[in-house]
Structure formats: structure tokens, C-alpha cells
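A short worksheet on the structure shown next.
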């Protein structure tokens, strides 16, 4: 083993010189330069500074504008709530602990931070899955005479929370555990050890299959079918430049959504799986910290992609920020009207919202 395992922690450094200490009690500056902890704290502050306004504004604008409170937008509000969980339950904690250079909040704080960060991340993950399924159902109509309504939206929300809890709760009750990871300033699921009595092996396999491979397969399938439907509609109206433009726009948005999903989850899942399958191999603290950056930054770019790219949400946000008047209203309105009239598969139907 190329690390030091202790009660409820694993430090990725052999204690050959006796300098390794518990990440709950002592600064971990022997792992990386103290400047790296300052950089981590600054990064967390940036995520809070950007993530809170974007996601809070999403909720506020929806409350203010009744036309946004439609079943198809429920999942976007769920995504904003998930991101706020990450901001308050994860980012603020990591910023505070990185300022001290170790997980100063102790074992209980590690459980709470790990739980809320995992819960928020998983709600966000399954919200993207439900979002893809909803768009596929609305556009491709795999079920004839199906009309998406409020009950379906509520079922989708309940599903995201059930799946998120199915991932975040088990480490609190003995199936795996939360321990400090990376630079030892944030907590996550124990991929690092085979600690007796925690069944880490089965939990990691369960997470990798049920909370990464299956969601990724569903997202790829739904957006793949959606793209096929849009291209078929565009092929049937080849003479319409507006339809072709709408098809290109939808393709661009789908590619962005899929790439963002992969950027968010593939590095973290890949590194976690490598650590799990190569236990005892040597790796540095930054090896797990950097992929976590990609997953955490989703609280910023997911709202930008799934909410701010939606014309209706964007219009209402600008109206709210500009005290009730949208200076771009005429331009956006003309564009939307033209596209809606000319295309049988409007890009707004398959846009992020």
C-alpha cells in the first residue's frame, strides 16, 4: 500500500518518516504546497460567488413569472436546488477547511459535507437523466397519445430524490463510508480502502453501474433518438432554411449537453474506478482533487446550458434584472416567432428547457 490508512481516513502518502497525521487534527501541508490549499479555497469561493446567484436567480425568476411554472420546467428548478445543496453543503465547507489545510470539522462534519455534496451531485445527475427522458418523450412520442403533465413532472422529481438518497445515505449507515479525499479538505465515498465491515467493494461497483453507466446510457439513448427525430423532420422540409437552421441549433445544443455531462462525471468516475481497481498503487492527492473540480463546477455551467440557453428563461431573467423591461425583447421575439411558424420540430421543444 502506497498510503497511510487510519480510523476513517486514508492519506495518499506512506508514513515512512513519521510526518503523516490525521486529516481531522493536523494540517496536511506535507502533501502539497500550502499555496495549493489557498488556490483550492479561492476556487471554492469562485464557485460560491458564481453558483449561488445563478441558481438562486433561477428559483426567484420562476416564482416571479407564472409562465415559467410549467411541468417541463419543474426539473430545471430541481437542478437549481441540487446546485444550491452543493454550494451550501459542499463548497462553503471545503473553502473553510482548505483555509486551515485539513478537515477541521471532524468526523461528524465529514459525514455531513460528504452527504450534502453527494446528495446535491446525485440530484443534479438524475435531473439531467430525467430531463433527457422528458425531452425524448415530448419530441419523439414513443407512447402514442401521451401528454406530459404535472403528475409526470412530480414523478420525475421524486425519482431524482429517491435515486440520490440511494447513493448518499448508505455511507452514513455502514455501507461504505465518507472519508477525506484528495488534499484531505473535502469528503467523499471511500474508494481507497477495503476497510473491514464497510463493504466498500460492493458499494463502489453499485455506484459505478447504477449511478454512472446506466445514467450515461440513458442520456446517450434519449438524445440520440431525439437527434434522429429532428434530422428526419429537417429532411422532410429540405426547402425550408428556417427548419434547417433549427435542426443545426438543436444538434448544437444536444452536443453541448452530452459533452457537459461527460465533462462533469467521466473524469471523477474514471479516476475513482481506477483508484478502486488499483488499490495499493501510488497516486498523489491532486489526482483525485482535479476530477472533483470538474464535477463541482457543474453547478455553474449546467444552469448556463440548461436554463440560460432557454429563450423563455433567459427573457424572464433579463426582464427581472432590468427592472421589468427586456431591452432585447423585440429581437428575441421576432426570432422565436419566425422559428416557431416555420418548423414542425421547434428547437424550443428540445432545447435545454
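Placement of Cβ uses the backbone N, Cα and C atoms for every residue, glycine included.
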Handout entry: Given ranges 6-26, 153-173, the stretch to which Swiss-Prot attaches the annotation transmembrane segment
Key = 153-173
Practice task
State whether, in Swiss-Prot, residue 246 is on the same side of the membrane as residue 28.
Solution key: no
Completion exercise
Among 287-308, 309-330, Swiss-Prot lists transmembrane segment at 287-308
Exercise for the section: Helix, strand, coil: count each for the residues of the topological domain 'Cytoplasmic' (225-252), based on DSSP. Expected result: 24 helix, 0 strand, 4 coil
Completion exercise
Listed in sequence order, the residues of the same chain lying six or more positions from residue 2 (N-linked glycosylation site) whose CB sits under 8 Å from its CB are 12, 14, 280, 281, 282, 283
Exercise for the section: Work out, from DSSP, the number of helix, strand and coil residues along the topological domain 'Cytoplasmic' (62-73). Expected result: 9 helix, 0 strand, 3 coil
Problem - Pairwise Cα distance for residue 200 (N-linked glycosylation site)/residue 15 (N-linked glycosylation site) [Å, integer] - result: 23
Practice task
Could you tell me which three-state DSSP class residue 322 (S-palmitoyl cysteine) falls into?
Solution key: coil
